[in-house]
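Okay, structure first, notes after.
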């Protein structure tokens, strides 16, 4: 059996980079330090859990007691006490707290839910704060504003209660409470600081019991009880405050609201003026030199900088940005417009987007990586690119300088993702611009008012939907003619649609708002205020004079609710702290460089489990991951695929091997080993491999990111679900029959964490060598036979759907025959990828003849070098122009040909023969020709169809007779 090791808190220098998985660390302004979470086992002073929480309230609290208790316990608190008494007021609270003083000695959080409906004033809540400091000085304390409405129909006292409530709220904030708003938690359109609005509010989202008698105490409805419990849990534990609705005040400094024991951080919270300034990205010209920008950054603690002019490296270089970060309290959003082509601040010289739009994806990625590395060397970590507007249909549009990838939405999205992937490899965050798309406007939005329409289901908007994790969106300055002709930065309806219809939850950035003020009839101050109130997080504007900054800060302070400022501040601070994973981990790695010495557990499964629980995965989620590890490798860091558990293959020997290696069998081995070596870390160690895996799951800028797998994993509530999720989304093996065995391992791990011994046969399959000890001598249950999981690890070497950029809808997925046919006229010019790690064994160009390979087209054959199909070959032929040559090594991210749709569609199938013609090209067991050809669904075609569907593709359509011939026994079963 083994136990859970819970994380604690240590201090590191503020300039130390932070790991992406924890978001924004709480920042101590007194000591200039970030509070950092140790993920590799129990540090000193680690608690056994979040600790104890005490809730004091009235009728509402009492009615929702069960929901509150359940939510807080499920969030990790050891003990929860809820004291809800009918008729209790804030004035009663000091005496109640005195009576409970023995219980308050050891609590980490105290929640006060009193005062909303009379019986007290703002002075009372201050007295409660004084009593809390006396009885429990180390606890965090919260005030819950439960004002929603006074009953189903607001009665005469509503306006008075709203006024008193606002006064209490303001005093609570001043006294150091973290604030929660029940109403705003379920209806984000409400402003709890707007007295008139709240006095009129009638029960948002059915929060109270509609059958209550007017004038009687407010009692939550069933759904209202659930929401109240969830609000308390999310506000006091480890959910990012930038994603919590209804949480404000001092809680906003936490970023990821953390262990409640850290309440003393709030005494060093920045002022509201500093928070506002930290959201500003201010424009300075290269020609003005560094002195003035540094002076303004130092005085106002500005959040970031954008630049105008060329030759930026002479002024805005690493030395400058190092100083900027120091003067701005350790964090700074350094940005540059580096699109390539004519927009080239640092004279890097990469091609324009229009040229990259016709290039293979790997060339686009290479251009992005070149830019990313050059910017990183200059201290810039946010690139205001790529442009994803769809072409430039008007001669006056300023995108005509080659700034757009093209007019096709799907192709633009593919190229933008490839470009952003390159930026990420260089340690840079990309910014998609200019939402909602200005490819069709007439004129230049920097110089004159331009208008466009918005359709959340249209092609221009589709490019912004479901963006890669960590990508930022920049708004255009265009007026939206079908939404009241309101410009995008001041258009709350538009920004809300970006977040809901297009699934975007990251930073919302503006284009230069100074340009907008030239023709919108508003001052810059009012334009920025309106942008914040519409949902913008980081406004961009050009610097004019020092007085300008003071005026804007004052206007925002007066015109924007504190909750909205806190939310924008948290998002801006998080963006300022994004960097490449390995740069961060070198200066900040929590794990020792000696075999994972601080990992707790008596075997590697226990150590991995404790590590993942320490990262805030639930025990069920952590067990699901470890169950997969046991089957993959026995959790042996130096295990090479198809070798016994006792056999160690060090990283230096494994690096060039095409097989899987390590705890999750990264394939090929170099996918994990090479970047780890470059970072100066030891790839042989369990601790290092866990760090690498966690970065893949949570950090879009890590090598081979798998953030989609991480997000799906965190949705799972059972060990079976977590096991299935990690297998399907991360491991992606071709053998679903292995999942039940993985789930058995996961359940055993979960039970072991509760004290039950591991079954001997499972324990014998787990390594105890974490990189510094002696290896076990037993063999894992994983094998290398044809039906075993063949370890397609989470890397660019995994098998993927080669047609993932094609339409693949029912009406265009073509027939199953000797292979499967794919393609449609709308897919012309799109990339087709290799399925997985392979070597190109032949490329035969079109000869102009009929039949294979099509006109124009070619026949490409490659042999898999890793995975369950290692040694097997496939062909792709007909309408696809080669992007590879014989002898090339490829993986699943390599574009091997570009679809032309010149004659018909393209075909993918399994191959054996050396030629390009159908008679010799198919595998020997194919019965396509024997079945009569044409629409006959052959054994080999059906096999490929199943394989592509297993990889998430659409496959083909059965349009004729179907083969019943079995697949040979030495081929993997899907």
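From the backbone N, Cα and C atoms, a Cβ is placed for every residue, glycine too.
For 244-261, the entry in TrEMBL reads compositional bias 'Polar residues'.
The compositional bias 'Basic and acidic residues' annotation in TrEMBL covers 726-735.
The compositional bias 'Low complexity' feature in TrEMBL is assigned to 775-789.
Taken from TrEMBL, the feature domain 'Glycoside hydrolase family 3 N-terminal' applies to 295-573.
What TrEMBL records for 603-751 is domain 'Phage tail lysozyme'.
For 235-268 (among others), the entry in TrEMBL reads region 'Disordered'.
Among the features that TrEMBL reports, region 'Disordered' is placed at 698-832 (among others).
Residues of the same chain lying 6 or more positions beyond the ends of the region 'Disordered' (954-974) and with a Cβ under 8 Å from any Cβ of it are 734-737, 786-787, 790, 803, 808-810, 813-817, 820-822, 868-869, 872, 925, 927, 931-932, 934-939, 941-943, 945-948. According to TrEMBL, the feature region 'Disordered' maps to 954-974 (among others).
Taken from TrEMBL, the feature signal peptide applies to 1-16.
When the domain 'Phage tail lysozyme' (603-751) is classified with DSSP, helix, strand and coil residues number 88 helix, 3 strand, 58 coil. Across the range of the region 'Disordered' (954-974), the DSSP-based residue counts are 0 helix, 2 strand, 19 coil.
Summarised as a single figure, the pLDDT of the domain 'Phage tail lysozyme' (603-751) averages 88.
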